[in-house]
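Pulled from TrEMBL:
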type	residues	note
TRANSMEM	21-39	transmembrane segment
TRANSMEM	51-69	transmembrane segment
BINDING	LYS109, GLU110, ASP139	UDP-alpha-D-glucose binding site
ACT_SITE	ASP139	active site
BINDING	LYS280, ASP304	Mn(2+) binding site
ACT_SITE	ASP444	active site
TRANSMEM	519-544	transmembrane segment
TRANSMEM	550-571	transmembrane segment
TRANSMEM	639-662	transmembrane segment
TRANSMEM	682-701	transmembrane segment
TRANSMEM	708-728	transmembrane segment
Amino acid sequence: MGNGNEDMLPLYETVKTRGRFVYRIFAVTFFGAVLLILYHRLTHVPQGAKWLWIGIFLSETWFAFYWVVNQTLRWSPVHRHTFKERLYKRYEKELPGVDIFVCTADPYKEPPMLVMGTVLSLMAYDYSPHKLSVYLSDDGASDLTFYALLEASKFAKHWVPFCKKFDIEPRAPKRFFSISNSSMDHHSEEWTTIKKMFEEMEERVETAVKLGRITEDIRSQHKGFLEWDKKPFTSRDHPPIVQILIGGGDLKELDRDGVPLPTLVYLAREKTPERPHNFKAGAMNALIRVSSVISNAPIILNVDCDMQSNNSKSVRDALCFLMDEETGHHIAFVQFPQSFSNLTRNELYDGFMRVISAVNMPGLDSQGGAPYIGSGCFHRRSILGGRKFSEGSREYLSGKNWGKNEEEAWTLEERSKDVATCTYELGTEWGMEMGLKYGCPVEDIITGLSIHCRGWRSVYCNPSREAFMGVTSTTLADALVQQKRWSEGDLQVILSQYCPFIYGFGKIKMGQMIGYSTFCLWAANSLPTWCYAIVPSLCLFNGIPLYPKVTSPWCMPYAFVAFSAYGYSLYEMLWSKGTVKCWINDERMWMIKRVSSFLFGFMDNIFRLVGLGKSGFEISNKASDEDAMRRYEQEIMEFGVASPMFVIVATLPLFNLIAFALGLKRVITQGSSALDSLMAQLILSGFIVSICFPILEALFIRRDKGRFPASVSCISIVSAMLITCIPIF
Ligand SMILES: O=c1ccn([C@@H]2O[C@H](COP(=O)(O)OP(=O)(O)O[C@H]3O[C@H](CO)[C@@H](O)[C@H](O)[C@H]3O)[C@@H](O)[C@H]2O)c(=O)[nH]1
Ligand SMILES: [Mn+2]
């Protein structure tokens, strides 16, 4: 092919998932069976226990509806591949500047060394350093984090050239050293030196964190520490802090090879107890403004503090979409999946992310764009600022007429502080039409939705070498708290003026509205799941059949739906490269989440709607104690704290165990006709018991610290007995 043609070739391609025809046949059959079930329910309402029957019918109707909603994601998913060589060839000299935002908020839940791993991995991107700037927003306003960043800025002088010289991956030092070894990589001497240097820095930072404060000795190293002199200074009440560690006209640092380093900035926006700070959304908006003073790059990458780069080419992947001549001008953001480096083999708490990344996200991508999920996302600055799509106005991304502000660092710092105050946003559109949206625990989803509604599309990029690797919850309590925030926030979206069907009406495709609601309706699954976990088992030992007899032909659709639904979800897990055990863990987690996190998320929405309480943002723990960590590594579930959610988590399987035992007794004493009519319920409660076996084990068998606290065990035993006594009429 001639050169002329090559210039025209697209920078990425879109591939449809194969095997959709077979899937659609399956889906239609499945749906037919679901309709048969609902028909059976409506035409066979029993005289006794009528309300329980209706309850089950309503739950099934809900599940059927939710299943249909989920089909939008499975109907025609797409996958995207980039051609980075074409980008190199065509645009290498004129690639645009990229501003990278890292958000952290708590030096104890988010250990500074973890955050520094993230910062260093991003500074070492395979991208020209004078086009990169890294901003760390610290909502904890901790001088410990600042100190860690100061250390990281010094270490970067050695780390960045080392990464580039040997072209290593991943570029987060700790992970790199844990994976590679010196002899293997043929650069033993340098490897050993830099590893030692890293460990010394780690030691210094961790000593300071353990001590809990900055010593005079360290304070004297940098003028930046003076910012903490205001008394009293707390994380909730302090003036704005901006410190340029590398950059500005005067603080241009060269690495040990004489090559410049990316700009590096520490930001702690102003906080006062009188003003809401709007959590991460507030931090992001301050970052957008501060960076506009210092570097003002047209592309913004946003990551959470634990999301370390795992692929130094990600910027180029993202630019292949945004700079594509045909379609790039239509794309607002490029979302990468959230992957995790601390997963155990069978993903005790987090298997669902795997399926979301492999199935749901490509599904939404096919409907007009993947959602913005808060981390690992490349945005166009202008669109975050509120720009609407119009066919006529194209934004050409180029590094040609762009440069960082070359004023002296201290003037830039002073000007940046002005835009990082609490009062700056008063009377402006920030948090509404500009920047990330306020007032919702899932600021990411709602911001992405509003971008889609302004006419833009987005793409989802999932290269085989993961772009980012974060830290996922290592205890069940942490996982449930996070899931509560998500389910609460997502439900809040659909109940607010941003409901995709109303807000998006006439602006986005129907498929996209429905696609968004698959997430938004998570919390709504809680009540039907509760119903399904209790009612059939309750009826079981009371001798009331709720399903057709095994010998009746009506049994067929029920059996088909049950087995094929689980069979298909197993297939999806395996297709997403998970294991069978991943799937079992995942099914257990869905059950647990639906009855606990989602229920709490659901209730909190109700309370909010009637004016009681408002939603917050509890930061996920990224640190964990050693004892619990050992159990996590052995994939033993952790129940060791007295959380009200755990009462639910323990009660339901316990109740089902009792129901199963009593039901079995009934069947044995009453013989084959009872077995015939109660079989389905026996299987159902048996299924709940077996999938929740680790919970029962933690109640009765385990002796380690991860078992349920005595208070939780007692309350749940009593509650399970009480449920058993519910009279049926
Ligand atoms: O007041 C706050 C609270 C949080 N954060 C940061 O926000 C990020 C996400 O918080 P985390 O506790 O890790 O929550 P996750 O549930 O893991 O985060 C997911 O869900 C959030 C919405 O619920 C999004 O904000 C995140 O980007 C997305 O990764 C972290 O870097 C925090 O440091 C702040 O900067 N300020
Ligand atoms: Mn997180």
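All positions are counted from 1 along the displayed chain.
Including glycine, each Cβ sits where the backbone N, Cα and C put it.
Curation plays no part in TrEMBL annotations; they are all automatic predictions.
The Cβ neighbour count for LYS280 (Mn(2+) binding site), using a 10 Å radius and every protein chain shown, is 22. For LYS109 (UDP-alpha-D-glucose binding site), the same-chain residues 6+ apart in sequence whose C-beta sits under 8 angstroms from its C-beta are ILE619, SER620, ASN621, LYS622, ALA623. Listed in sequence order, the recorded positions among ASP139, ASP304, ASP444 whose CB lies under 6 angstroms from an atom of ligand 2 come out as ASP304. By the Cβ criterion (under 8 Å, sequence separation of 6 or more), the transmembrane segment (550-571) is not in contact with the transmembrane segment (682-701), since fewer than 3 such pairs are found. When the C-alpha distances from ASP444 (active site) to the binding-site residues GLU110, ASP139, LYS280, ASP304 are tabulated, the minimum falls on LYS280.
The transmembrane segment (519-544) is in contact with the transmembrane segment (639-662), judged by 3+ CB-CB distances under 8 Å for residue pairs 6 or more apart in sequence. When the Cα atoms are compared, ASP304 (Mn(2+) binding site) and GLU110 (UDP-alpha-D-glucose binding site) turn out to be 10 Å apart. Secondary structure from DSSP puts ASP304 (Mn(2+) binding site) in a beta strand. For the UDP-alpha-D-glucose site, the Cβ centre of LYS109, GLU110, ASP139 serves as reference, and the other residues of the chain with Cβ at most 8 Å from it are THR104, ALA105, ASP106, PRO107, TYR108, GLY140, CYS305, ILE619, LYS622.
DSSP classifies LYS280 (Mn(2+) binding site) as helix under the three-state reduction. Cα-Cα distance from GLU110 (UDP-alpha-D-glucose binding site) to LYS280 (Mn(2+) binding site): 14 Å (rounded to the nearest whole number). Long-range neighbours of ASP139 (UDP-alpha-D-glucose binding site) (same chain, six or more residues apart, CB within less than 8 Å of its CB): CYS103, THR104, ALA105, ASP106, SER235, ALA268, ARG269, LYS271, HIS277, PHE279, LYS280, ALA283.
All protein chains included, ASP444 (active site) registers 24 other Cβ atoms within 10 Å of its own Cβ.
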